[in-house]
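Annotated in TrEMBL:
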ACT_SITE  CYS86  active site
ACT_SITE  HIS273  active site
ACT_SITE  ASN301  active site
DOMAIN    26-360  domain 'Calpain catalytic'
DOMAIN    513-630  domain 'C2'
Amino acid sequence: MPKKYKKLFNQDYKKIFMYCARTASHFRDDMFPPCDTSLWKHKSIPEYHEPLEWKRCKDITSDPHLFIFKNKQLNTDVVKGVIGDCWFVAALGVLAAHPKLLNKVVPKWTAQDWCHSTEPGKQLGVYNFRDTERHPGIFRFRFYRFGEWIEVVVDDYLPTKNRRLIYAHSKNPKEMWCSLLEKAYAKLCKCYEALEGGSSSDALVDLTGAVPETIQLHSEEGEDNILQKMGEKNFVAMIQVAIREKALVSCSIDVLEDEIQQERLPNGLVVGHAYGITNIQVLKVGAMFNKNEIILIRLHNPWGEVEWNGLWSDKSPEWQNISKSKRKQLGFTIADDGDFWMSFQDFISNFSTLTICRCINTSLLTFDRRWHGAMFRGEWLIENETAGGCINNAETFYQNPQYSIKIHKSTILIVSLMQQDNHAEIGAEKITIGFIILKVELNRKYRIHKPTYEIAGRVTYINSREVTQRFSLKPGHYILIPSAYNVDDEGSYFMRLFSSNPINARLLRKDSPKRKWYYPLIYYGKPYFVGTIRAQILGGQFSRRIDKVYIKITFTDFKKTVVSQITPKFDTVKPEIGAEYLFYARDPSNARLLFQLYQHQTFGKDILIGETRILVNDYSKEGKDGKFWEITKTLTRVIQVPKHMGMIRTEEVEASDNPAHVYSRNERLASGSHTSLSMPGGYGRGIEYGVGGIGVMDSSTYDMPNKKVFVEQMRRRKKIKKVGQTTFVPQIVDAGIGDLQIRLLYSCGINS
């Protein structure tokens with residue numbers, strides 16, 4: 001069974017702890033020693049040359065604890081240090097409000113904590129070795145990096161100045177979890193300096209393994225906001241659902257050109273700082289018969305104290321319009337604790353970005369909503385010709401990795417693309433990444449090479465570690481292409497797919513069908529695949545409703561190779577089918593497509609009620625190949641008719657007097673230019689067969705749209721049925737059902 005997590009530098013927490021307990025020693029981490037090399041990599045920065053002293057937690061406070069609870073609530077106020085890692089500190093504050101997720105980052109924290117003489121019980125059988133003096137000083141934390149959980153072990157030496165912690169720490173000086181957690185993250189990134197600058201959403205992903213979704217509340221032009229795009233009710237409902245499902249929701253104000261990072265605005269909000277969103281409520285305010293609806297949102301500042309001072313702030317008079325019981329229910333208090341309320345309109349006006357990190361549930365053993373997941377790792381490399389850039393580079397874009405996604409039921413698909421984190425490399429820049437989803441043929445097995453496919457979804461290319469987008473997709477076959485924006489930008493990526501219904505996802509490796517070794521033996525002298533046919537059934541126009549019908553498509557090449565495909569069932573008069581299939585042709589001059597309309601029977605064999613054919617040769621000629629053609633075909637059927645049918649007026653009489661002459665005359669008329677066929681029961685209404693065997697239906701004698709509809713040539717088969725003195729032959733006629741609209745493309749070559 002594979003391990004659930006990887007150990008950084010192969011350091012085993014339990015082995016080190018037991019060794020220190022047996023030898024009565026304190027752990028000193030040689031992989032991240034308490035010296036300057038753990039602080040910075042660039043010696044030219046003067047701020048890092050100030051004299052520092054590394055102290056163990058017991059030397060900083062005589063009563064250290066990992067966590068301190070007040071009224072069973074964890075203190076969520078985290079104070080940032082001298083480095084610019086407010087993005088990480090803010091994420092810690094948001095994480096602290098979710099104890100379940102925090103326990104995953106700090107595993108079995110009660111067994112790691114200091115044990116004091118007043119605390120009853122034993123932990124791991126080594127209670128006597130975890131008091132303040134004899135605690136080995138080793139702690140472990142887990143982070144999610146590039147698709148896997150990594151356990152990081154650290155000692156409890158922390159950098160101080162004048163006996164005070166200089167980096168992130170709790171508001172309570174006895175609480176050590178955030179300082180040790182920050183140290184473990186710095187070790188993962190190789191030094192504290194690497195924490196300068198970052199994204200709160202990236203930190204939340206590293207702390208939880210969640211899938212981030214970043215929503216810009218305002219357009220780049222500043223004209224539209226998210227409420228105009230989604231609607232206020234939908235947007236509020238989205239936040240409410242996210243909070244109810246225990247997602248980590250945060251927001252921030254973008255730093256403008258004339259503003260300073262972490263600058264406090266006159267309204268009390270801080271620029272470039274992440275706030276956690278903990279609640280959103282729709283309240284009715286006013287008199288009994290004149291109440292107005294107002295939306296309030298509660299935010300938490302992980303730093304504490306610094307709060308919003310506008311409408312609906314702690315000391316705002318608007319709260320007098322809310323009853324005491326309702327205020328108590330909302331948890332409203334007047335205190336500088338970092339929690340504050342504001343109106344939803346003020347929230348939209350002041351904040352720039354909303355981030356929702358969802359911990360998606362893929363477990364089988366759960367009663368909660370379950371998602372289906374798939375994960376892929378890959379690379380964009382010049383050497384492998386997989387660094388093709390975005391779709392603007394038409395010649396190289398399709399060299400990027402391609403993933404096939406087959407969807408059987410309408411589903412919500414979440415795609416998260418993450419590039420290799422380079423935080424440990426000081427000064428390294430992220431590449432701009434994104435992805436695109438194309439709708440392709442249902443039976444495609446190979447990569448695509450030409451820009452002739454419909455775009456079903458795309459994400460804006462962003463210079464960030466991770467991009468995520470949610471899509472609503474109908475049943476069908478799709479190809480997902482992740483890429484960098486620029487050609488020849490190299491890097492590794494990790495991609496996660498989550499769907500509300502089961503999907504089939506895999507990497508496409510082959511470009512086209514390969515020639516089999518036995519082909520020359522069976523098809524001696526015959527060419528291999530020379531072209532591709534894309535046939536899409538757009539829809540139909542039927543004269544009546546037929547329940548439970550489907551279309552079977554048969555492709556015949558060399559009059560031997562037959563490939564059959566079946567569309568989904570439908571039961572409407574004007575179905576929009578959209579099913580598309582791909583076929584490879586060896587001899588276009590002999591290839592043809594047969595479309596057969598079947599009615600499904602619960603018991604017994606399905607009934608064929610109509611069919612039509614397309615000769616590929618008509619669309620593979622020069623001038624027609626490489627172009628899409630929309631073809632309307634009348635559904636036909638084969639019936640047995642008397643040989644003399646098709647004769648009219650005096651010729652019928654002549655045929656009855658002279659059967660031999662009638663037979664000869666009828667044969668000539670069948671291949672002539674103006675033969676009219678009048679059939680009983682409404683078959684063949686208004687059909688005229690012209691030169692070359694292709695006829696035109698007159699819309700005035702047929703209740704179809706006013707357009708010319710092409711039908712196939714009248715054909716007779718060799719078998720002749722004789723009943724009494726009358727001879728019958730098979731005849732193709734209008735089935736009286738309606739038309740099929742088909743979109744066809746023939747392309748030379750097999751890389752479509």
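The backbone N, Cα and C atoms fix where each Cβ goes, and this holds for glycine too.
Rounded to a whole number, the distance between the Cα atoms of HIS273 (active site) and CYS86 (active site) is 7 Å. Within 10 Å of the C-beta of CYS86 (active site) we count 24 further C-beta atoms, all protein chains included. With a 10 A radius on its CB, ASN301 (active site) counts 25 other CB atoms from all the protein chains.
Note on HIS273 (active site): other Cβ atoms within 10 Å of its Cβ, all shown chains, come to 24. In the three-state DSSP scheme, HIS273 (active site) falls into the coil class.
Reduced to three states, the DSSP call for ASN301 (active site) is coil.
Counting only the Cα atoms, the space from ASN301 (active site) to HIS273 (active site) is about 9 angstrom.
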